[in-house]
Amino acid sequence: MAKEEFAREKPHVNVGTIGHVDHGKTTLTAAITKVLAERVGGAAEQTFEAIDNAPEERERGITIATSHVEYETENRHYAHVDCPGHADYVKNMVTGAAQMDGAILVVGSDDGPMPQTREHILLARQVGVPYLVVFMNKTDLVDDAELLELVEMEVRELLTEYEFPGDEVPVVRGSALQALESSEEHEEKIMELMEAVDEYIPTPERDVEKPFLMPVEDIFSITGRGTVVTGRIERGRVQLQDEIEIVGMQEEKMDSVVTGIEMFNKTLEEGEAGDNAGILLRGIEKEEVKRGMVLAEPGTVTPHKEFECEVYVLSKEEGGRHTPFFDGYQPQFYFRTTDVTGSIELPEGVEMVMPGDNATFEGSLIEPVALEEGLRFAIREGGHTVGAGVVTDILD
């Protein structure tokens, strides 16, 4: 009897290409899939045209064009996102539609850093893309070695300016187009780039390993048994008899113990990240719990009202506002499972925010929510989405 082929489970990492328009992000993405398909195998090559023709997705009421490709190195399996337009990058990074554990910053060696290079680095810093690796593309168009040195220096300084370790970030030079056209020299550069990505971007901690958190979606009372809270477990694991805290929508936390876990009407010993579960809580009345609260491992989350955020405001064409908003604007902030009213304070020197803009400002909620850096939210008016954002700092 033939033995089953040994399939090693490689660790999975999410990455993407970022950088200025026409510096070669999509060409590089295609080149990576081609070179790795030929040299490592595992996933098929994707053409430039297939990647460039990005399908549209909806995330938090926003339409975003994104291409997803996958490829493998000897050590890892990668999911890679590439966006056709600048606005798609902004939306993608702000909504977290495509979570990135690290990104490849593509800089045209002929141009050097350009306005969107800077903007993408800033966005990566704001929304928490923790690691960047640089690919200096189009080196075949530059004869002057000193010019290449200068571009690398500029990129490193720019990274340092936005609090990335500019001196340590790996920088690889090559031509994605030449690699696509099977130039041995430039294929080697793609391999060198992927070695840098393998080594420099750490494997992320899986959601299951993080402290338990489940947003409350629904609450039921079961006669003789107590209160059941349902929701999708966002991270971590929960087991019978675990102590948990109920946090949000009020200043005080409540304590309880898990006395039952159900999924699809079957009882479980434990629930984990991604499960839609019903959790039976000891000593809690149905009236005490409401949507917008979270169940969490004790001591891991706290309720807050004041925060700083990075936000993308929908354009009129995307179904957003037709007019700008000003300091003191009061929308609903939709965190996890509920809307909370809040007001915004624009930074000094910013008069207003136009539809289609991305902006940084401070938000202030009327009720506390289990906020943390990196938490995504929608901004809504009368039940429809006018913006999407991410918490970049807690202020209270």
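First residue shown is number 1, and so on along the chain.
Even glycines carry a Cβ here, placed using N, Cα and C.
Among the features that Swiss-Prot reports, domain 'tr-type G' is placed at 10-205.
What Swiss-Prot records for 19-26 is region 'G1', and it gives similarity to another entry as the kind of evidence. Tertiary proximity for the region 'G1' (19-26) is limited to same-chain residues at least six positions away from its ends with a CB under 8 Å from its CB atoms, namely 48, 51-52, 67, 82, 84-86, 105-108, 111, 113-117, 120, 137-138, 176-177.
Under the heading GTP binding site, Swiss-Prot lists 19-26, 82-86, 137-140. In three-state terms derived from DSSP, THR139 (GTP binding site) belongs to a helical segment. All protein chains considered, the CB of THR139 (GTP binding site) has 22 other CB atoms within 10 Å.
Here Swiss-Prot flags THR26 as Mg(2+) binding site. The secondary structure of THR26 (Mg(2+) binding site), as reduced to three states from DSSP, is helical. Non-local neighbourhood of THR26 (Mg(2+) binding site): THR17, PHE48, ILE51, ASP52, SER67, ASP82, PRO84, each in the same chain, at least six residues away, with C-beta under 8 Å from its C-beta.
Tertiary neighbourhood of the region 'G2' (61-65): same-chain residues 54-55, 83-85, 88, 91-92, 95, 97, 312, 314, 318-319, 378, 384-385, 388, selected by CB-CB distance under 8 Å and a gap of 6+ residues from either end. For 61-65, the entry in Swiss-Prot reads region 'G2'.
The region 'G3' annotation in Swiss-Prot covers 82-85 and rests on similarity to another entry. Predicted-model confidence for the region 'G3' (82-85) is 88, expressed as mean pLDDT.
What Swiss-Prot records for 137-140 is region 'G4'.
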For LYS25 (GTP binding site): intrachain residues, at least 6 apart, with Cβ closer than 8 Å: THR17, ILE18, GLY19, ASP82, VAL106
Cβ contacts of ASP22 (GTP binding site) (under 8 Å, same chain, 6 or more positions away): GLY108
Around the Cβ of HIS86 (GTP binding site), the count of other Cβ atoms that are within 10 Å: 14
Helix, strand or coil at HIS86 (GTP binding site) [DSSP, three-state]: helix
